[in-house]
Amino acid sequence: MPLAAYCYLRVVGKGSYGEVTLVKHRRDGKQYVIKKLNLRNASSRERRAAEQEAQLLSQLKHPNIVTYKESWEGGDGLLYIVMGFCEGGDLYRKLKEQKGQLLPENQVVEWFVQIAMALQYLHEKHILHRDLKTQNVFLTRTNIIKVGDLGIARVLENHCDMASTLIGTPYYMSPELFSNKPYNYKSDVWALGCCVYEMATLKHAFNAKDMNSLVYRIIEGKLPPMPRDYSPELAELIRTMLSKRPEERPSVRSILRQPYIKRQISFFLEATKIKTSKNNIKNGDSQSKPFATVVSGEAESNHEVIHPQPLSSEGSQTYIMGEGKCLSQEKPRASGLLKSPASLKAHTCKQDLSNTTELATISSVNIDILPAKGRDSVSDGFVQENQPRYLDASNELGGICSISQVEEEMLQDNTKSSAQPENLIPMWSSDIVTGEKNEPVKPLQPLIKEQKPKDQSLALSPKLECSGTILAHSNLRLLGSSDSPASASRVAGITGVCHHAQDQVAGECIIEKQGRIHPDLQPHNSGSEPSLSRQRRQKRREQTEHRGEKRQVRRDLFAFQESPPRFLPSHPIVGKVDVTSTQKEAENQRRVVTGSVSSSRSSEMSSSKDRPLSARERRRLKQSQEEMSSSGPSVRKASLSVAGPGKPQEEDQPLPARRLSSDCSVTQERKQIHCLSEDELSSSTSSTDKSDGDYGEGKGQTNEINALVQLMTQTLKLDSKESCEDVPVANPVSEFKLHRKYRDTLILHGKVAEEAEEIHFKELPSAIMPGSEKIRRLVEVLRTDVIRGLGVQLLEQVYDLLEEEDEFDREVRLREHMGEKYTTYSVKARQLKFFEENMNF
């Protein structure tokens, strides 16, 4: 029995035919209400009404209509209807709780719009509610309106059909009901006006001591005083909805197109946007924040772990230098002492993240040449020591292209920086320590382990980060003891430039040729550059062939981090660089970096499982289909491939650089679009869903808010100038499906190209054709004739002229615009306008 699946909680009220019980589903744990309708002693009319309510609810799906779960007829003669539970109670009780204190106008209009959207949905389904009142309007925990109690609703076959049954609540009944006149959807508009008036004044719109006086007040059309605490637009809208004549009342669709209503909807969406942002901040959902905010926070966290070392006894200094093309923050400056952690953090945080014209760093470091027998081992260790941290940081900041060109030159030139440990800035690679005293790298190992779980800071030295902006330290740093001429003889300038062009897409990173820097700063061994470029291209082609080494290389990297540290070699004589050994070292380094790239793919694959969609994966798939086998890798892989080889991108190879910048810009742009769509609330739905959490009732409430925001956004986009309110049909006849463009009001406003194709109607026997079909066919033929004769633009102007109040002026202007066609099409245009305003198909 279905009732056994629910756990009884309490009775929450009594409806028209039975009681309403709050229950809890045993499986999903959600709360529902079961409406038990006693049909044992009910009349045939009441039985039909109860069955109709269950049938209607099962077909209706709208954010502002009570949700339907299931229904069944028990053996005890009761009809059970399971519906969603509205924790806020009904609107009537909510207004009573105000105790005479008026609601804010935005709250009144918010509820008003939600009730109107529910009525519009019902009317599009050809359903009259016929008992709309504040007791049948419910509120959820998040103040979302739910219209319910469709027990006496009636489904009309056509909009021109009228219902003449005298049912409803007297306070909300329209004058035509008491006069026993036919009525249609305008009766629900009257009831809607009564509800809005009650929300605004906390009183019934029409009230009297007895029923006779109440009926007399409604029939005579004596309007109650309009509320003065609200704007005149709202008062005028209430007055039109409570017009005595049904034809003078606006339809629900026209109500939602009023400029005042659309303005209030925009205010509601803006307030929801702000509330969503606060919820995102409160819940700490970093994915719902804008991408720039996340990156900014990451950049700050990278500087929190900076611990300055004491100065050496030699009095070495750190210089901050800049090129002429840099901005104001890149101007040359020098500091005799290292800054404190607070000053360092303040300095780095002042970097302009929106700067798009910064250049990369130009760094000069001391170079130590390893002995021939120890080059391979130290080079491998140097790469493996730095690579895992770089990989983790790449996984943390997917849109950042990090280009470590000093690292490249040191590896390819078989060199290694040797600065005093006291001069070492920890944001650089922790493996670059002095070689003069042969101190191990062990003192800096805890910093590596501390950075990984905390902020995954990028530790390659010196690094360039491009994510639409230059995120890392773009100030130019030069490390080394400059107080003696001997130290200057050991300095070889290792250079790299990263131009972030203003006219390029945000985040575009282009690697320029090394020779563009001042020629005095070129390294001594630049003669091996062509071979290194070929090696780099060969390495990039080999990256796609080592997927099988992912896990093994990853374990080797972690195992190496725990191995004993190696001592740095002593200073050799500068200039004795063996090109053959350098190439051999490049081969060894290529194997290590290739394995590291494979491990980065594994880490990327594991991290991509945490997100529903990955822009990098989509971009990678698209590139694999469009590009040749030599196409550039995605953002993170491109960063690693640049960090591995020791030569910047050649100028005769612009295509891989462009692919790299395209990867960077597209990935960042998609992330920003995703977050902005969350902030703009037309796509704010996923942001709200994340902020509220995917747990039980919170997720259900979030989905309801998302659906409401989507619906209000669609309502806000309705054209207020459209006077043709064609309601779509649930199941239109096939012959009209082919020609819906003639009923679409977009064609009347020039938004759809006019097509003058002829309509061929399928002949139906008149015996089986209902009256509504005949009228529909006539209107279609009339519309086709008018559009052909006048055209879309002229017909739109004629519609505007027909709105003129002065009849004489209207006819004169119609003659001027229509010219010769006035005699033939003036009457047809009036007829078409009348049918489109008063009949819905």
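FYI, residue positions are counted from 1 along the chain as it appears here.
For all residues, glycine too, the Cβ spot is worked out from N, Cα and C.
The structure displayed is predicted, hence computed values, not measured ones.
Swiss-Prot has this to say about the protein:
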{"type": "ACT_SITE", "residues": "Asp131", "note": "active site, proton acceptor"}
{"type": "BINDING", "residues": "Val12, Gly13, Lys14, Gly15, Ser16, Tyr17, Gly18, Glu19, Val20, Lys35", "note": "ATP binding site"}
{"type": "COMPBIAS", "residues": "523-533", "note": "compositional bias 'Polar residues'"}
{"type": "COMPBIAS", "residues": "541-557", "note": "compositional bias 'Basic and acidic residues'"}
{"type": "COMPBIAS", "residues": "591-606", "note": "compositional bias 'Low complexity'"}
{"type": "COMPBIAS", "residues": "607-616", "note": "compositional bias 'Basic and acidic residues'"}
{"type": "DOMAIN", "residues": "6-261", "note": "domain 'Protein kinase'"}
{"type": "MOD_RES", "residues": "Thr165", "note": "phosphothreonine"}
{"type": "MOD_RES", "residues": "Ser340", "note": "phosphoserine"}
{"type": "MOD_RES", "residues": "Ser343", "note": "phosphoserine"}
{"type": "MOD_RES", "residues": "Ser461", "note": "phosphoserine"}
{"type": "MOD_RES", "residues": "Ser563", "note": "phosphoserine"}
{"type": "MOD_RES", "residues": "Lys622", "note": "N6-methyllysine"}
{"type": "MOD_RES", "residues": "Ser723", "note": "phosphoserine"}
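For Lys622 (N6-methyllysine), no same-chain residue that is 6 or more apart in sequence has a Cβ closer than 8 Å to its Cβ. Along the domain 'Protein kinase' (6-261), the predicted structure has mean pLDDT 84. Fewest Cβ neighbours within 10 Å among the recorded positions Val12, Lys14, Gly18, Val20, Asp131: that distinction goes to Lys14. When the Cα atoms are compared, the residue listed as 'active site, proton acceptor' and Val12 (ATP binding site) turn out to be 20 Å apart.
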